[in-house]
Amino acid sequence: MKPSRPLRALLLSLACTAALAAQAQTAPRIDIPAGDLAAALDVYARQSGTQLVYRADQLKGARTPGVKGQAASPQALDALLKGSGYRAQRDASGAVVIVPQAAAKPAAAAPPRRAPRRPRRHRPWPMTPRSPICRPCKSPDRGSRALRWKGLRRSP
């Protein structure tokens with residue numbers, strides 16, 4: 001006897017759900033002991049499958065408190081770097097770059113006080129000699145509008 005379509009769909013969805021549940025249970029756990037930071041980052045990269053970028057000579061002498069029992073996640077890496085003076089900077093490509101934490105900026109000194117400014121004296125626009133004003137008028141010969149300078153006479 002052949003199973004019906006709804007029964008097949010139900011069985012397929014149950015199989016997928018079981019596979020997802022099994023995969024969720026096998027998420028990698030991070031167990032890294034306290035110690036050298038460069039060695040701990042190597043172990044973290046192996047256990048989590050995350051690509052880490054850092055300079056080993058820069059991490060020389062840095063220590064980590066370690067991480068126990070956390071799932072592989074950004075929080076586990078942050079816990080690993082806690083107190084070491086370094087932080088994780090995530091890239092758009094998925095890589096994680098380990099960079100030094102920015103040093104706390106000292107309180108900015110107050111800017112030097114400037115001497116009070118003397119008030120400026122009001123200076124009016126410079127006076128210019130009266131310039132001729134142009135006004136529209138009718139030209140006697142064409143009957144069109146033309147411009148004539150006021151105060152100037154036509155010479156014969």
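Any Cβ shown, glycine's included, is placed from N, Cα and C.
Now, the feature entries from TrEMBL:
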- 1-24: signal peptide (SIGNAL)
- 50-101: domain 'Secretin/TonB short N-terminal' (DOMAIN)
- 103-112: compositional bias 'Low complexity' (COMPBIAS)
- 103-156: region 'Disordered' (REGION)
- 114-124: compositional bias 'Basic residues' (COMPBIAS)
- 145-156: compositional bias 'Basic residues' (COMPBIAS)
To what whole number does the mean pLDDT across the domain 'Secretin/TonB short N-terminal' (50-101) round?
84
Its residues classified by DSSP, the domain 'Secretin/TonB short N-terminal' (50-101) shows 8 helix, 19 strand, 25 coil
